[in-house]
Amino acid sequence: MTALPEKDPVTGKYPEPAEGEPVVHANAGAPKADGAVRVATVNVNGIRASHRKGMREWFAGRGVDVLTLQEVRAPADVTAQLVREIVGEDWDEVHLADAVAAAKGRAGVAIASRFPLGEVRTGIADADGYFDDAGRWIEADLRLPDGSPLTVVSAYVHSGEVDTPKQVDKYRFLDEMVRRLSELAAGEGHALVTGDLNVGHTELDIKNWKGNVKKAGFLPEERAYFDRFFGELGFTDVHRALAGPVPGPYTWWSMRGKAFDNDAGWRIDYHMATAGLAERATTAVVDRAPSWGTRFSDHAPLVVDYQF
């Protein structure tokens, strides 16, 4: 495995790789314990672009068992081809499920697994089918190494925009999430909801929270849904539980200005697990690229190990 380059002693940053040189992330080669299931989630900001910018190099040797993707923005055949190229020889088989948005070039979510998938459900199953073809929710059932059932969700919540129909749709989707998470929590097996949920839950989740209290992504009304997810519905914010009460670690940085270099980010990508699964979580890592120029997306993968 390629060794991690040394940081510059003055800037504290990793050097930009030379043209054609592989990108090495800070989590490269992180050990995985025997019996652990490693689940990674990432908004790829277009799978064609992320593939071109080095997602394959990121994935290589990571030991990921389940990969959930958001904002895929590609038809099913293209997604299938690129996912197989991304996982490469790391997996003997690729089991893939995806939900393509009806709006071309928008949204799209997917679940890729080295374990066989059972039943797959696309859409959040709202009563009137409003979100059926939105490409924002997909569920897949699988069996864990100990034989217990797990439902994995890849979700992509609307970014929203205050006082516009986009925000109305966001609240409508969050309402449906309350309903569906309640159903998943009442099920017999484990449930894991992953993805880009486009809300920072607390002040620790946004570097500049004071400047965003009236903006979509940090509105009190949005954050109240997450109070319910992690309160009455019984889900655990796995990343926060393992990281503790520290700023971030952030998972998204604006492409504008020096947000990435200054770590002025947002923590809006999640693993939300039912209690029994959350108890098995051992490590959570934001696999941040070594530099702005080596990112394959404006989001960093959130990688969590669950011990079985």
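Backbone N, Cα and C atoms are what each Cβ position is placed from, and that goes for glycine too.
A TrEMBL annotation is a machine prediction, not a hand-curated record.
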Identity of the Mg(2+)-site residue among Asn43, Asn212 (reference: Glu71, Asp196, Asn198, Asp298, His299, source: TrEMBL): Asn43
Pairwise CA distance, Asn43 (Mg(2+) binding site) versus Tyr156 (active site), rounded so that it is a whole Å: 8
Neighbouring C-beta atoms (10 Å sphere around the C-beta of His299 (Mg(2+) binding site)): 25
Additional residues around Mg(2+), ordered along the sequence, whose Cβ is within 8 Å of the centroid of Asn43, Glu71, Asp196, Asn198, Asp298, His299: Val42, Val44, Asn45, Gln70, Tyr156, Trp252, Ile268, Asp269, Ser297
Position of peak Cβ density within 10 Å, selected from the binding-site residues Asn43, Asn198: Asn43
Rounded Cα-Cα span from Tyr156 (active site) to Asp298 (Mg(2+) binding site), Å: 15
Nonlocal neighbours by CB distance (under 8 Å) for Glu71 (Mg(2+) binding site), same chain, sequence gap 6 or more: Asn43, Val44, Asn45, Gly46, Ala107, Gly108, Tyr156, Asp196
Least Cβ-crowded entry, counting other Cβ within 10 Å, from the recorded positions listed as Tyr156, Asp298: Asp298
